[in-house]
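What TrEMBL lists as domain 'DUF6534' is 165-258. Annotated transmembrane segment per TrEMBL: 12-32, 52-74, 99-118, 125-149, 161-181, 193-218, 230-254, in sequence order.
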Amino acid sequence: MSSPAQKFINEALGAFDLAVCGALVLQGVLCAQFARYAANGYHRTDLPFLRAWVAGLLVLTLGKNAYGVALIQVKNTTHYGNLPAALAAWESVQYDTNFFLNLVVTFYAQLFFCWRLWTLSRKLWLSLSMALLFVVALICGVFTVPSGGMRDPVRWNAANFSLYFVADSALCGSTIFFLLSRSDEAFRSTASTLHRIAAVTIQSAAPAALCALVVLASSQAAPNYYSGSAALAVTLVANNVLPLVYAFAALWTLNARRAIRDAMLREREGQAETLASGSRGEVSWRRSLTTRTGTDAHVV
């Protein structure tokens, strides 16, 4: 076997196993987030379309990882000892489908953050602009699949993941801007809550943006899909786990609402205790505050 083919097997086909295993680990973390979402009762109190979106995310992530497991099972059993067949399978529609599923899950999670920006800013043009960037990134990503005729997909990878990184950064920055601009005009307790939401925004956006940056850098270091370089292995692993990172960021943002609300209630109760006691109105207000069970639909 030629040296380039051997390198491709070592770095690409072997890295694909690691990529699927890494995605399975993140799927386990995601399942915990789905369970937490249900335990918090959000599956009953959230808006119907948001509940449908969460259900769709569960189906997509499970389907993507089940498909990846099926691919490595075929590669490691059906094509075991038949390296030419394993190499030929890399250009088959089965592997193309896996790459396409990565794009779909990523785009599906990104739509949630565009909707979240709209709920906070109420500026439709801004949310649609961000969504348009993600649509263009999705189109660029389609041209990077191995059998799409792109033997040198460096430019398309650069366009795809550059847009991911730029759009993520712009989306996060816009969200924080509107949160902080509101906090300047809000009461102290409300401003504190907005600051907590801003912190959650940064913490949820950073991993996905960093992962997209890693894929961008490694994909530019690999000349093409058949280079057999270590950069190609990094690209495959990071690209396969990126959709799960986006999905985790979205679910973690949704599940952070209860912690933010509880912190807000504790802060208000602490402020109430510093006031003069004995006022019937104050006692009534504190009692209603501690028994409050309102919805968290807009605390995102």
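Think of each number as a place in line: the chain as shown, counted from 1.
For all residues, glycine too, the Cβ spot is worked out from N, Cα and C.
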Residue numbers, six or more beyond the limits of the transmembrane segment (125-149), whose CB comes under 8 Å of its CB atoms: 90-93, 95-96, 99-100, 102-103, 106-107, 110-111, 113-115, 117-118, 156-157, 159-161, 163-164, 166-167, 170-171, 174, 225
Residue distribution over DSSP helix, strand and coil in the domain 'DUF6534' (165-258): 82 helix, 0 strand, 12 coil
